[in-house]
Amino acid sequence: MLSRLRTSWSLRTCLSVCRRAHTKEKGKPLMLNPRTNKGMAFTLQERQILGIHGLLPPKVETQDTQAMRFQNNLKKMTDPLEKYIYLMGIQERNERLFYRVLMEDIEELMPIVYTPTVGLACTQYGHIFRRPKGLFISIRDRGHVRSILDNWPETNVSAVVVTDGERILGLGDLGVYGMGIPVGKLCLYTACAGIRPEKCLPVVIDVGTDNETLLRDPLYMGLYQQRDRSQAYDDLIDEFMEAVVDKYGQDTLIQFEDFGNHNAFRFMRKYSQKYCTFNDDIQGTASVALAGLLAAQRAIGKPITEHRVLFLGAGEAALGIANLIVMAMMETGMTQAEARKKIWMFDKDGLLVKSRKQKMDANQDAFIHDSPGDVHSFLDAVETIKPTAIIGVSGAGRLFTHNVIKAMGELNERPIIFALSNPTNKAECTAEDAYKLTDGRCLFASGSPFAPVTLSDGRVLTPGQGNNAYIFPGVALAVMLSGVRHISDTVFLEAAKTLVEQLTDQELAEGRLYPPLSNIREVSLQMAVKVVEYVYAKGMAFRYPEPLDKNAFVRATVWDTSYDSLLPDMFDWPGVSFSPRTG
């Protein structure tokens with residue numbers, strides 16, 4: 001139910017509309033366009049002047065009433081996928097109402113439009129498909145990418161989220177079904193940071209899929225071919241990047257999402273100094289994970305340089321987090337070599353050690369150490385290395401076994417256990433296991449949400465969700481506003497520190513390592529302010545003149561979900577008469 005305060009504010013907004021949105025459209029097209037549709041909130045004047053009177057029931061509703069209707073319908077639903085379909089349906093019909101509903105219950109609905117339900121939606125994408133969202137560019141479109149961008153109806157795009165669908169969450173290769181990820185990410189650009197939705201463009205690059213189930217599915221919507229891994233793939237990505245900048249400008253933000261490990265690192269190295277780009281799976285995940293460690297540092301009173309970190313998984317997420325931890329340690333005066341010695345990685349083939357027979361990726365070289373002894377399992381690694389923190393980013397499910405958790409509890413007074421793999425069923429352990437097997441002493445964070453846990457002594461601990469949504473919307477807003485051309489890893493280090501600053505002592509005592517998701521709009525705006533201050537101070541910003549009041553500068557841009565008036569601007573000409581003079 002809407003709060004009295006919120007209802008009062010919204011009614012005042014509706015009764016004193018001061019913003020006008022000029023539109024040349026009239027009639028039913030206004031109601032079919034989610035940007036202009038207001039449903040039954042069109043005023044009587046708007047209905048008459050814009051040619052839609054009689055096309056709606058006679059009642060004129062406030063947005064409050066509309067929001068209440070959708071909220072009530074959502075409460076009747078129990079299946080997350082059903083809720084996802086319903087919410088996306090609102091987005092397709094009435095954009096401002098969709099974001100109003102999402103923002104008013106962001107803690108409850110973020111797991112629907114984003115992790116973990118978006119993963120389920122991606123697996124079912126061809127079965128629940130109703131209306132296309134975003135831009136689809138296939139390997140067969142080489143040489144024509146710019147003309148495809150020209151087909152996108154919005155001309156003032158500032159942010160692009162792109163995937164090739166090869167590694168969707170922990171679900172693997174979903175091909176064009178991965179479109180749900182860019183769409184979900186950009187929903188959070190708007191809901192969390194107030195970025196105007198028309199400035200956001202979701203893109204999927206279709207080069208085929210190696211998912212045999214999809215290739216046999218008559219409802220699959222992409223190319224029926226094995227994933228193209230030839231030079232043609234690189235050429236297509238090059239063409240895409242050049243076309244985006246050519247059309248929308250050099251400072252257009254391009255966020256890479258859910259590319260395979262090998263390509264993710266290649267493209268980050270290849271494009272980071274040429275375009276305004278970042279990879280959320282590498283840099284966003286690293287930032288939010290580091291923020292969790294810095295919050296744990298506050299709780300324990302033990303500096304990050306005294307921690308030993310053992311990763312389960314050695315892919316792009318693990319390497320991204322590890323490199324940012326190294327940067328954080330180096331800020332305190334530790335050398336890079338000393339910092340790297342504090343970090344160990346364990347993947348499906350065992351520890352990353354020099355004596356290992358299996359081939360290792362060149363990206364992992366910095367974290368390959370001499371063998372510490374006879375290690376065959378992750379439990380062996382825990383007992384041998386004696387880490388203060390274990391971080392799971394393997395996507396392989398419940399590999400933080402009871403024995404692993406108990407061992408961490410025996411080795412540490414306050415063990416740090418981060419089960420960051422998504423979606424929920426891929427998490428390395430549950431919050432309940434982590435807390436109960438350590439008698440509530442552990443500092444726990446997960447990638448997908450877990451409910452609060454009640455211990456036998458009556459204590460209630462609220463697990464932290466290491467959600468990238470704490471990072472990428474605020475960083476994106478700051479980058480867009482300041483005209484940054486190249487996004488340094490130091491930006492994500494600054495974002496991690498800013499996030500921890502917003503965690504209160506009371507929230508930390510409750511077991512949280514991150515602020516409540518219900519506060520994420522304010523968290524994102526404060527982060528944007530801090531990052532804007534940072535990039536101007538470091539000479540990274542290209543938008544001038546530099547705003548004196550960064551806080552006011554950021555907040556003035558925030559998109560409002562209240563309806564605009566679609567009536568033309570009506571006015572008189574003082575002192576001018578259109579009647580003929582007599583006499």
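Cβ coordinates come from backbone N, Cα and C, glycine included.
If you look up TrEMBL, you'll see 91-272 marked as domain 'Malic enzyme N-terminal'. According to TrEMBL, the feature active site, proton donor maps to Tyr114. What TrEMBL records for Arg167, Asn422, Asn467 is (S)-malate binding site. According to TrEMBL, the feature active site, proton acceptor maps to Lys185. TrEMBL lists Glu257, Asp258, Asp281 with the feature divalent metal cation binding site. The feature domain 'Malic enzyme NAD-binding' is assigned by TrEMBL to 282-536.
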Q | Cα-Cα distance maximum in Å, computed over every pair in Arg167, Asn422, Asn467 that the record assigns to (S)-malate | A | 18
Q | Which of Arg167, Lys185, the listed recorded positions, has fewest other Cβ atoms within 10 Å | A | Arg167
**Q.** Whole-number Å value for how far Glu257 (divalent metal cation binding site) lies from Arg167 ((S)-malate binding site) (Cα to Cα)
**A.** 9
Q: Round to the nearest Å and give the CA-to-CA distance linking Glu257 (divalent metal cation binding site) with the residue listed as 'active site, proton acceptor'.
A: 9
**Q.** Mean per-residue pLDDT computed across the domain 'Malic enzyme N-terminal' (91-272)
**A.** 95
Q | Between the residue listed as 'active site, proton acceptor' and Tyr114 (active site, proton donor), the C-alpha gap once rounded to whole angstrom | A | 7
Q: Write down the Cα-Cα distance for the residue listed as 'active site, proton donor' and Asp281 (divalent metal cation binding site), rounded and given in Å.
A: 14
Q. Do any residues at least six apart in sequence from Asn422 ((S)-malate binding site), in the same chain, have a Cβ closer than 8 Å to its Cβ, and if so which, in order?
A. Thr115, Pro116, Gly119, Leu169, Gly170, Gly395, Gly447, Ser448
